[in-house]
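Q: One structure follows; several queries about it will come next.
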């Protein structure tokens with residue numbers, strides 16, 4: 001009998017930035033080794049299998065187990081791993097040591113404590129391929145565009161037209177990360193309403209995608225916003241995602257296809273700029289130019305009786321060389337704008353950066369415009385009916 005005994009398996013991807021080697025460029029091997037030592041001790045006690053990787057200065061813990069989502073033991077294990085890595089980071093005087101650990105001690109769940117988390121639970125299919133995405137220098141809304149392409153755009157995913165098990169479409173769970181609420185939208189019927197929301201990178205993020213015909217989980221994203229948790233800028237959220245592929249879900253090639261055409265995402269230097277999301281292999285996930293451009297890696301696994309077979313470093317494929325060239329061209333063009341919009345994020349997305357502190361120094365130096373007065377709606381009105389020069 002298989003070790004799973006027909007039980008559901010849970011895939012948990014939990015990430016944190018606990019220190020970078022030379023700025024924000026890389027989580028060094030010493031930190032990964034510290035995490036691996038903690039996870040190895042928990043095999044067969046808490047988890048079934050694990051893989052530790054990095055994207056830029058973020059450590060990503062990929063774990064399989066049978067304890068379900070939001071399990072205290074699994075989350076506590078990840079927290080301990082990050083704590084041990086933080087100890088090493090402080091010994092090495094790494095930049096930003098422990099920066100994503102926003103609480104002094106673990107309290108049952110990493111959500112709201114700094115680390116990002118994406119988890120899904122399912123019964124293994126006859127063959128269970130999954131793709132784990134890890135990003136650096138961007139935030140959860142970076143997945144809005146590619147997830148829409150994967151699960152709602154037939155020009156990207158031919159299976160939406162040709163696969164009878166997908167033709168009924170997918171359901172999107174969208175989170176208002178500012179208002180702390182969510183909504184479910186069905187595609188293709190509610191596609192336009194979905195786009196009205198997820199095109200807003202400031203407020204709305206896709207959290208999960210479900211197959212409509214049986215409500216089976218298809219994808220999940222970490223949507224934790226560090227700035228709203230900490231109350232100040234402590235780094236970009238650097239999201240992770242899990243996507244199931246094949247046999248009733250988009251094929252692996254359809255899951256990867258959206259990244260063949262790089263799109264602009266918020267983040268990059270100081271979390272304050274728009275820039276391209278560049279797909280790279282694990283070895284190239286070391287953003288240096290202006291702390292970027294933002295990177296994304298894609299690791300393919302086969303889940304076999306709860307074990308993680310792999311990974312296959314999917315974006316290392318030569319087929320994405322042109323995408324990388326495009327991303328660098330996009331970076332060249334938008335970098336010319338320097339501190340000006342549209343390279344610089346709008347003021348509403350800079351609220352938790354250091355910009356407001358800079359502007360505070362000018363507050364007392366502003367004076368009213370002569371002959372004009374502001375009205376509450378943000379427009380202007382004349383003080384009297386006469387002409388004002």
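A Cβ is built for glycine as well, from the same backbone N, Cα and C atoms used for every other residue.
From Swiss-Prot, here are the annotated features:
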- 17: active site, proton acceptor (ACT_SITE)
- 233: active site, proton donor/acceptor (ACT_SITE)
- 236: active site, schiff-base intermediate with DHAP (ACT_SITE)
- 17, 24, 57, 99: Mg(2+) 1 binding site (BINDING)
- 24, 137, 270, 291: dihydroxyacetone phosphate binding site (BINDING)
- 24, 95, 108, 109, 137, 246, 247, 270, 291, 352: beta-D-fructose 1,6-bisphosphate binding site (BINDING)
- 57, 58, 136, 238: Mg(2+) 2 binding site (BINDING)
- 236, 237, 238: Mg(2+) 3 binding site (BINDING)
- 237: Mg(2+) 4 binding site (BINDING)
Q: May I ask for the distance between residue 57 (Mg(2+) 1 binding site) and residue 238 (Mg(2+) 2 binding site), taken between their Cα atoms and rounded to an integer number of Å?
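A: Their Cα atoms are separated by 10 Å.
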Q: Have a look around residue 238 (Mg(2+) 2 binding site) and count the other CB atoms within 10 A of its CB, chains all included.
A: 30
Q: Looking only at C-alpha atoms, tell me how far residue 247 (beta-D-fructose 1,6-bisphosphate binding site) is from residue 99 (Mg(2+) 1 binding site), rounded to the nearest Å.
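A: Here the two Cα atoms lie 40 Å apart.
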Q: Which ones are near residue 237 (Mg(2+) 3 binding site): of the binding-site residues 99, 108, 136, 291, which have a Cα within 10 Å?
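A: Correct set: 136.
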Q: Going by DSSP, give the three-state secondary structure for residue 58 (Mg(2+) 2 binding site).
A: strand
Q: Taking only the recorded positions 17, 99, 270, 291, which one has a CA atom nearest to the CA atom of residue 238 (Mg(2+) 2 binding site)?
A: 17
Q: Roughly how many Å separate the Cα of residue 24 (Mg(2+) 1 binding site) from that of residue 291 (dihydroxyacetone phosphate binding site), to the nearest whole number?
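A: That comes out at 7 Å between the alpha carbons.
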Q: DSSP on residue 270 (dihydroxyacetone phosphate binding site), three-state: which is it?
A: helix
Q: Roughly how many Å lie between the Cα atoms of residue 17 (active site, proton acceptor) and residue 58 (Mg(2+) 2 binding site), rounded to a whole value?
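A: Computed Cα spacing between residue 17 (active site, proton acceptor) and residue 58 (Mg(2+) 2 binding site) is 4 Å.
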Q: So, in DSSP terms, is residue 291 (dihydroxyacetone phosphate binding site) helix, strand, or coil?
A: coil
